[in-house]
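A.B. asks: Okay, these came from Swiss-Prot:
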REGION    327-334  region 'Linker'
ACT_SITE  ASP339  active site
ACT_SITE  GLU430  active site
REGION    486-520  region 'Target nucleic acid-binding (TNB)'
BINDING   CYS487, CYS490, CYS507, CYS512  Zn(2+) binding site
REGION    521-541  region 'RuvC-II'
ACT_SITE  ASP522  active site
Amino acid sequence: MNMSKTTISVKLKIIDLSSEKKEFLDNYFNEYAKATTFCQLRIRRLLRNTHWLGKKEKSSKKWIFESGICDLCGENKELVNEDRNSGEPAKICKRCYNGRYGNQMIRKLFVSTKKREVQENMDIRRVAKLNNTHYHRIPEEAFDMIKAADTAEKRRKKNVEYDKKRQMEFIEMFNDEKKRAARPKKPNERETRYVHISKLESPSKGYTLNGIKRKIDGMGKKIERAEKGLSRKKIFGYQGNRIKLDSNWVRFDLAESEITIPSLFKEMKLRITGPTNVHSKSGQIYFAEWFERINKQPNNYCYLIRKTSSNGKYEYYLQYTYEAEVEANKEYAGCLGVDIGCSKLAAAVYYDSKNKKAQKPIEIFTNPIKKIKMRREKLIKLLSRVKVRHRRRKLMQLSKTEPIIDYTCHKTARKIVEMANTAKAFISMENLETGIKQKQQARETKKQKFYRNMFLFRKLSKLIEYKALLKGIKIVYVKPDYTSQTCSSCGADKEKTERPSQAIFRCLNPTCRYYQRDINADFNAAVNIAKKALNNTEVVTTLL
């Protein structure tokens, strides 16, 4: 056995809040959000007239700066920025830039002290009433928001450039015969399909001329929408649903199941409930061990969280995270392949490494979420009408769908991890996080969008990953290519297999034991995923 570190999160719910306490907590969250949004807007205004002078090399991906005389310090250094705030543009070095626009210097512009005054239009204390420590932390939150927004904008711009490049390829294919190559016709195909000459080796089945024309129109609309969104002024309002606290601010009274946060709420007592009964002996031992681990952490902090509950009201939580060492297994008898789908929530199949075959435990998890979301769609259509009886009751029904989805995903993930632990197997899944969005078509029907929203890959896979790592079980992500089109028994490709429906897979290879037999498509895909992980082929990432 070898030890491995993993992050564990424990959430305590604050319960039995009076109306006064709720109002007090709610006001503090709103004040925190107001101050953060104010700070973000002022920082953006300050940095608006600064221009980055670095150029990135394509090969090394490193920033290159021209050397010159800094207009502030007068030394010959690398010039990183051009400051246009004080009339004439001034080219400045990294040290001078940090001295004027670094995080620490900008923070001083917002927070006044006994020895330092700030301008009235920059003073956070005039905007919101908060704890003194939070006044100093709010500029950090604002910088994080700006950084996240800029990263998202860069990603959107990159996607627009990629879409424009793809659109140009389709235009070339449509207008110039030399730029397109014909794919060999299949028996059932009426029209010839083409691919761009630069993509002859790609597995794409190609596009008909009408299909190419539709692609050009669809991608044009997509690019237009994206550019319109990029041209708008971006003002990001901070929701203020998470506040960072130092752990020593929180005082626990386990005998009464209460906490106090004197730095924020003076002597206000807040009743809590946790993942186990605080009053029981096992609960006391659990929390004693938990506090000991928390206090050993170098960065000792927690979060006060505000969430919207199923009835539309706010709920409050105290969340702690800490790193714990878990025993990682080195010896595995096989692999548990997990295929997450739409019609069925998931299929988990154990594949034995010695016998080279699928055997028990095998579990196909039904998807109750599909019915819940279909019912939700009907309710939304119903509520869109002008007059609906019992409107408030219907809205309450809508708000209760998310907790049911969360519970279903947690229950399924727990069962899958228990199966792997019992069978002494590691878990393998498809790596679909980036692939789903990239493969989306420019134009989707409402039905396609609806069924895509049924797919809970990210939510369920992250829960499986988290619960498995706590047990010391290895997670392997493999490429999703052809897992649902290849026969798990004989390895026949998509040309010798067929899918009569989404739930059924059929092999057409006469030598295969599944020849002309209808088998579960999710079972077949799960076995293929397990085989890829065991053979160490097309593995993307391995955790633990």
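The first residue you see is number 1, and the count goes up from there.
Even glycines carry a Cβ here, placed using N, Cα and C.
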A.B. asks: Other than its own, how many Cβ atoms are within 10 Å of the Cβ belonging to CYS490 (Zn(2+) binding site)?
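C.D. replies: Summing over all protein chains shown, CYS490 (Zn(2+) binding site) has 16 other Cβ atoms within 10 Å.
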A.B. asks: Could you pull out which residues elsewhere in the chain have a CB under 8 Å from any CB of the region 'RuvC-II' (521-541), counting only those six or more residues past its ends?
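C.D. replies: Here the qualifying positions are 334-339, 341, 343-344, 346-351, 353, 358, 362, 364, 426, 428-431, 476-479, 481-484, 486-488, 499, 502-505.
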A.B. asks: Sort ASP522 (active site) into helix, strand or coil using the DSSP assignment.
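C.D. replies: Reduced to three states, the DSSP call for ASP522 (active site) is helix.
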A.B. asks: Excluding near sequence neighbours, so keeping only residues 6 or more apart in the same chain, what lies with its CB under 8 A of ASP339 (active site)?
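C.D. replies: Listed in sequence order, they are ALA346, ALA347, MET429, GLU430, THR483, SER484, ASP522, ALA525, ALA526, ILE529.
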A.B. asks: State which of the following binding-site residues has the fewest other Cβ atoms within 10 Å around its Cβ: CYS487, CYS507, CYS512.
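C.D. replies: Relative to the other binding-site residues in CYS487, CYS507, CYS512, CYS512 has the fewest Cβ atoms within 10 Å.
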A.B. asks: How many neighbouring Cβ atoms, not counting its own, are there within 10 Å of the Cβ of ASP522 (active site)?
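C.D. replies: The answer is 25 other Cβ atoms.
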A.B. asks: Including all protein chains shown, what's the count of other C-beta atoms within 10 A of the C-beta of GLU430 (active site)?
C.D. replies: 25
